[in-house]
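Some notes on the structure that comes next.
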Amino acid sequence: MLRFAVVRGGLGLLAVRRASRLSRSSHSSVQTEYKPIKKVMVANRGEIAIRVFRACTELGIRTVAVYSEQDTGQMHRQKADEAYLIGKGLPPVAAYLHIPDIIKVAKDNNVDAIHPGYGFLSERSDFAQACADAGVRFVGPTPDTVRKMGDKVEARSLAISAGVPVVPGTDSPISCLQEAQAFAQTYGFPIIFKAAYGGGGRGMRVVREYEELEENYQRAYSEALTAFGNGALFVEKFIEKPRHIEVQILGDKYGNVIHLYERDCSIQRRHQKVVEIAPGFQLDPHLRDRLHSDAVNLAKQVGYENAGTVEFLVDKHGKHYFIEVNSRLQVEHTVTEEITDVDLVHAQLHVCEGRSLPELGLKQDKVRVNGCAIQCRVTTEDPARGFQPDTGRIEVFRSGEGMGIRLDSASAFQGAIISPHYDSLLVKVIASGKDLNTAASKMSRALAEFRVRGVKTNIPFLQNVLSNNQFLHSTVDTQFIDENPELFNLKPTQNRAQKLLHYLGHVMVNGPTTPIPVKAKPSSTDPVVPHVSMGDPPVGFRDVLLRDGPEGFAKAVRAHQGLLLMDTTFRDAHQSLLATRVRTHDLKKISPFVSHSFSNLFSLENWGGATFDVAMRFLSECPWKRLQELRALIPNVPFQMLLRGANAVGYTNYPDNAVFKFCEVAKENGMDIFRVFDSLNYLPNMLLGMEAAGAAGGVVEAAISYTGDVSDPMRQKYSLDYYVNLADELVKAGTHILCIKDMAGLLKPQSSQLLIGALRDRFPDVPIHVHTHDTAGAGVAAMLACAEAGADVVDVAVDSMAGMTSQPSMGAIVACAKGTKLDTGIALEKVFDYSEYWEVTRGLYAPFDCTATMKSGNADVYENEIPGGQYTNLHFQAHSMGLGNKFKEVKKAYVEANKLLGDLIKVTPSSKIVGDLAQFMVQNSLTRQEVEDKADELSFPQSVVEFLQGHVGIPHGGFPEPFRSKVELERGKTLHIKALALGDLNKNGQREVFFELNGQLRSVLVKDTVAMKEMKFHPKAQKSIKGQVGAPMPGKVLEVKVKTGSKVEKGQPLCVLSAMKMETVVNSPMAGTIKAIHVSPESSLEGDDLILEIEE
């Protein structure tokens, strides 16, 4: 005795074949020969084609795909064993409707059966008949059944004969608009047009008013004709707010018909299903039984075989009405498979081979419901714009998976092109669970895992549906979406990584987007080098250093009569004024003059800081070679550099041995004095740099970064005692020279006297060196005050490179000190010659000159405390971004940001941290109080987070609390990006830019703005120009309803677009006259392409 049970995929192939001859005769008197299928063609595309291919592969059946010219890159042709082109030269949809081509491919390649999928030819009886005539089996009902069920009017008549209730409607397809008008007069509005030979929402239009009748009739007819090859329509009374319940049926060739329970498809948009549930939620048991019974009885009456769906509407009183029979596999068949454990495609193929349902273990009493399943159709539509289809290239695709999740897709992969020619379905997501809430929870989790970039999707909308209280706990009807506007409160996606890649790609293709705020061009005048005496240069302080060593050098400096100067022209001056862009070439030309004319300089600052960064990134120079060449030209003046403690010349902490080795190599290549500092005066970092410089044999100049005002009794965080005590530690650590590094130029004459006087009293034998910036214009006075109080060395820049955010004027200091105890011993005439060279040289760097946007210094630096170099950069950036008028706001925000961070010493890199926070506040219109209140919610710049994590060091007085504790220090969102390559120019004027993002290959398409100037493109509608009408979505123009010169009213139809088999009417936004038409029928448009122009 044979036993049958329902198992996934039915019985094993061999067992079924052995049992078939014994059992088939008991099912029916119909004699049907069993014919195994060896090769199946799917006359369809996309995910349904792949779904059938997978089932065939599982059954050992070879697969054949067909594809249109537009689908050469689609996944379904790659999933099949064989693939053939059809419909050459035909439009995209027409190719899949071309029966002769499909039949020819089937016969030429020994195809046994054709599966139609859904849509296209799946409900065309002439296609089913063509298959039969060619000797190829049609995986579906017989041609006669397809004809009866596909003809909505005949199907309605059969339903009435079977005792199934129907909605009032026409007995046959209407032939003209007048028949629709007559029906509406009899039954009243609302009415609904339906395609007589297809479904899926195509050719379906609801009409609520007489004025809408003609336009909707034309649109429904056109859509049906395009989608199904036949525009016939019939008309029904439209039932308000029904539930849409459909019953899955399955029949064989022996008269056996069973149901596989029902699906609730009530959540719809424009008559297209969005979310489907199986079984129906909170469905009355008696109503469920009637629905199942009516569906099976109707199928038996017509001798239905294979899979199909009987669709019903259920009104608010619980009455059900037959709508139609879909004589094919449905998009939502997946949820039925999940709850019944029956593979419907396997069953379709077995039935087509001639097997009976009992042979497959499919008896009604054996089919049971297990749990609940939900299907969400993820589409490339934008809910925020009325679900307009979106097209383009998928740049990123990451799916949601895991227990209880099934994905059926085809075009869902990175690099896939979503075209306007076909349905917008991207992927079907099916979630299963013990009940609706469990399945909904899994679905929500899966959708949250999706990442789709490059095209818009409806995922945010679906997430809102799944979290809706009515959906989870009550019943929904077909008006659910319309009556719940909160579903459109969409959470915006951040898309941070892809936005960053697009920006980087744009820079790689088109260059930096930051414009230079002036059109200044380099001067055409070459600088003239002043006369240089023949012979060796005079003896200088470097000779003292080489003879007596660092300690002897320091003693000589302290014993020197008069004021010594360090010249910053070779580095900090042009860093502050010319963005560090001065080439080694221009430094070398003036070097012999400096060597001969300024041998009594304390030192020449020419290296370190931004030199490395700019030399390698922008100048394509070797900073080591610069040092070597300048050393050879200036053998007698000591060279000085900046060493950022443990950061060396970088912006991060380096291993100790790297810092030591760097100092050693720098000394070997000509460096003499190492000014060691830390942006927070963090002693451990400074001690490491001092030790490294000392071990290399260099002069150690420990620099204390200055901020605040020691002469102001109200500002005591950085008091006089603070600086003196810190100097104590540095002197104990063995510094040869003590330096005050006043990066913002905050030292006033009074504070200069107090600070330098206190240090001189405390350390009478240690040379004191002072560095400042002249931003406020008081630099000369402050430096003279420092000298009077006991400073041995002050920093200056030659006159034409001095002032503003640079150092005080060399000529001014030399002139003011001349003939006094501070006399520098430098000839003023030589300073004039030196200045003239740099004045002309500066003109060569006009595009980078700070005077392009900045005409003077500003005493407000005493309030905002912005360091000189940073002041210049912030000013330039503000003008470059069109925010020059907001620079005052940036400076005020800088003050507030500094207070938020606990009043920092502001030197690179701590000054950058304050600046980043200030710009963050301005960009987001945040006050200091708002930043403090929302600190646990805001995404702060990385530099701010790293500072609060202690990466830079520990600031004096500790970190600011409670601000630091509220900032989330570990967000776990670090992006690792590596640029790989630039692609060739494509026909759309784009280049593909390839990156490695977090170890995965990513690419973006970037418009080449230069190349596009030479290419012709359809003009875009400018929203700022009244009367320009643009395409609301990508698509093809079906009809232009107006002519140039026509008068139009607001709301009047202008043209009809078709995209993804749906038609959209573009209406006039205003009354006026058609000035110009830029499209014609069959024109292919992208979103916002200009359609026409209207003038009032």
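Placement of Cβ uses the backbone N, Cα and C atoms for every residue, glycine included.
Automated prediction, rather than curation, is the source of TrEMBL annotations.
As annotated by TrEMBL, ATP binding site applies to LYS152, GLU236, HIS271. As annotated by TrEMBL, Mn(2+) binding site applies to ASP572, LYS741, HIS771, HIS773. TrEMBL lists ARG644, THR908 with the feature substrate binding site. Taken from TrEMBL, the feature domain 'Biotin carboxylation' covers 36-486. Per TrEMBL, the feature domain 'ATP-grasp' maps to 156-353. As annotated by TrEMBL, domain 'Pyruvate carboxyltransferase' applies to 563-832. The feature domain 'Lipoyl-binding' is assigned by TrEMBL to 1026-1095. Here TrEMBL flags LYS741 as N6-carboxylysine. Taken from TrEMBL, the feature N6-biotinyllysine covers LYS1061.
Locations of recorded TrEMBL features on the structure.
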residue: LYS152; record: ATP binding site; contacts (Cβ under 8 Å, 6+ apart): PRO173, LYS194, ALA195, ALA196, TYR197, PHE234, GLU324
residue: GLU236; record: ATP binding site; contacts (Cβ under 8 Å, 6+ apart): VAL167, PRO168, GLY169, THR170, ILE191, ILE192, LYS194
residue: HIS271; record: ATP binding site; contacts (Cβ under 8 Å, 6+ apart): GLY201, MET204, VAL206
residue: ASP572; record: Mn(2+) binding site; contacts (Cβ under 8 Å, 6+ apart): GLU605, GLY609, ASP795, ALA797, SER806, GLN807, GLY869
residue: LYS741; record: Mn(2+) binding site; contacts (Cβ under 8 Å, 6+ apart): ARG675, PHE677, ALA703, ILE704, SER705, TYR706, HIS771, VAL907
residue: HIS773; record: Mn(2+) binding site; contacts (Cβ under 8 Å, 6+ apart): SER576, ASP742, MET743, ALA744, GLY745, GLY779, THR805, SER806, GLN807, PRO867, GLY868, GLY869
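Across the residues of the domain 'ATP-grasp' (156-353), the predicted structure has a mean pLDDT of 91. For THR908 (substrate binding site), the count of additional Cβ atoms within 10 Å of its Cβ stands at 20 [all protein chains shown]. Counted within 10 Å of its Cβ, the other Cβ atoms near ARG644 (substrate binding site) come to 26, all protein chains included.
Those same-chain residues not listed among ASP572, LYS741, HIS771, HIS773 yet with C-beta within 8 angstroms of the centroid of the Mn(2+) site C-beta atoms are THR568, ASP742, MET743, THR772, ASP795, GLN807, GLY868. Residues in the domain 'Lipoyl-binding' (1026-1095) partition by DSSP class (helix H, G, I; strand E, B; coil) as 0 helix, 39 strand, 31 coil. Of all residue pairs in the ATP-binding list (LYS152, GLU236, HIS271), the one with the greatest Cα separation is 16 Å apart.
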